[in-house]
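Chemist: What TrEMBL records for Lys158, Gln221, Gly252, Asp283, Lys428 is UTP binding site. The substrate binding site annotation in TrEMBL covers His253.
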Amino acid sequence: MFSLQNSCIVLNAKAVNGSADAGKAHFKMLNSNVNNGQVRGHQRVPSDTKEFHEATKRDALMRLKKDLDNLLETVEDTRRPAVQKEMCGFEALYHRFLQEDGPSVEWDRIEKLPEGAVKDYSTIKSPQEDHIRDMLDKLVVVKLNGGLGTSMGCHGPKSVIPVRNDLTFLDLTVQQIEHLNKKYNANVPLVLMNSFNTDEDTEKVIRKYKGFQVQIYTFNQSCYPRISRDSLLPVAKDFAIENDIEAWYPPGHGDFYQSFQNSGLLRKFIEEGREYCFLSNIDNLGATVDIKILNRLIGDDQQGDKPIEFVMEVTDKTRADVKGGTLINYENKLRLLEIAQVPKEHVDDFKSVKTFKFFNTNNIWARLKSIERVLNAKTMNMEIIVNNKTLDNGMRVIQLETAVGAAMKCFDGGIGINVPRSRFLPVKKTSDLLLVMSNLYSLKYGSLVMSPQRMFPTTPLVKLGDNHFSKVNQFLSRFANIPDLIELDHLTVSGDVTFGRGVSLRGTVIIIANHGDRIDIPAGAILENKIVSGNMRILDH
């Protein structure tokens with residue numbers, strides 16, 4: 001019989017210690033039942049409780065190994081080696097989930113960022129024109145393409161949603177890379193990290209780019225089994241993933257490093273002489289290849305003997321970004337701090353714009369040889385995000401995930417670069433879509449450029465009501481065309497509201513249609529610092 005233990009590093013269950021954190025309901029329940037006297041019997045002394053706790057964990061790990069062995073028996077022989085590698089990664093993540101005790105960060109041990117830890121973008125030099133091609137030939141562009149468009153009411157990968165002039169996120173990305181390659185006669189490849197949710201559809205779409213001057217590679221991030229919150233065991237019964245897709249999940253973008261190596265692409269690019277990858281979310285339309293940052297890494301602006309192994313692009317934090325991850329100095333290393341790691345009593349401190357001035361854009365530059373070194377040394381130790389979900393059948397499950405930026409502490413010579421806000425232009429909601437479709441931006445070689453008519457470098461704050469605007473089709477049906485937003489500071493729209501053609505919104509505009517009411521903003525209307533409420537209908541005659 002095939003056994004996972006034959007292929008993975010066998011984890012020593014006796015080494016598992018400490019208490020489980022949020023999401024480990026099973027162990028917490030057992031432990032609290034003992035302490036609260038709900039389990040009758042003689043009173044346990046603390047050492048007995050600890051032994052009981054550790055025995056429970058050892059049992060869980062042993063049962064997991066058995067379940068994974070049974071799952072692997074259902075895999076066809078040709079796929080087994082690849083699946084085996086993935087399950088080794090899952091088992092290691094699960095082992096750490098059981099082992100880690102308490103918060104990953106002790107608040108009082110967070111130190112002020114040292115001088116020079118975060119470089120200001122304005123201080124970075126532009127390269128000499130005749131060096132740019134050589135620099136680009138050492139670069140790989142990676143886009144995280146594992147997400148679906150379901151939250152915006154779309155089917156299939158999010159990357160195929162039209163965002164501007166009927167061009168999708170993927171179209172714009174390909175245009176950007178092709179423009180670089182043509183302009184500098186370079187050969188920058190585009191790599192898409194798909195998930196099992198997006199892989200098939202993406203492979204069909206990228207065929208249309210065959211005639212473009214861009215080499216496109218794809219690989220899949222891992223596919224891990226969801227875990228029952230009650231039994232702490234996988235809910236999947238076999239590897240026929242398409243038959244029970246709810247039993248599986250992609251484990252966050254922190255899985256990039258291991259999956260990139262497993263795919264063989266990491267070694268391939270190193271052997272080709274590539275040195276760095278630039279990685280970002282495909283829905284961040286501001287995350288274009290930046291020649292100045294590349295120059296800081298491998299061009300005229302290099303400083304010091306040691307290469308920079310990891311760069312996190314950060315930007316100035318505003319009150320709209322209070323939940324975004326930030327850079328901290330901890331145990332003499334720069335690292336990413338996410339709100340999920342913050343003790344409840346310090347959440348307000350974390351959100352403070354004065355205390356933490358930057359937030360993570362998730363635009364990452366990493367040295368390829370350093371990724372390989374850290375993976376081979378098995379020191380890629382990212383914080384585990386415990387994501388609680390409830391399936392359609394009511395079953396409560398947990399997903400163990402990691403974030404790509406959390407790997408920063410595993411590398412030597414990591415820095416932050418404080419970039420302009422224009423490099424962070426994510427489209428997560430239709431309110432973001434309104435901005436990128438508007439006259440705030442023009443499109444140039446696949447990149448969005450803010451209009452010079454805009455008086456401020458910041459984008460307007462837009463809030464659109466979920467009931468009428470959250471889905472792309474709903475959103476589009478409410479605008480005869482996208483309003484003029486050049487002079488807009490803040491827009492709030494709630495309720496049944498529609499916009500006629502040629503509307504201009506300026507300053508602060510609030511439009512609220514109460515339940516049962518409807519507001520039609522007439523064609524050509526100019527709303528400047530206005531609050532509109534009540535009921536207003538424009539009827540054809």
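Heads up, the Cβ atoms here are built off N, Cα and C, so glycines get one too.
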Chemist: For Lys158 (UTP binding site), what residues in its own chain, 6 or more apart in sequence, show a Cβ-Cβ distance under 8 Å?
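Modeler: Set apart from Lys158 (UTP binding site) by at least 6 residues yet with Cβ under 8 Å, we have Gly147, Leu148, Gly149, Met152, Phe169, Thr198, Ile282, Asp283.
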Chemist: Would you pick out, from the binding-site residues His253, Lys428, the residue whose Cβ has the largest number of other Cβ atoms within 10 Å?
Modeler: His253
Chemist: For Gln221 (UTP binding site), what is the tally of other C-beta atoms lying within 10 angstroms of its C-beta?
Modeler: 27
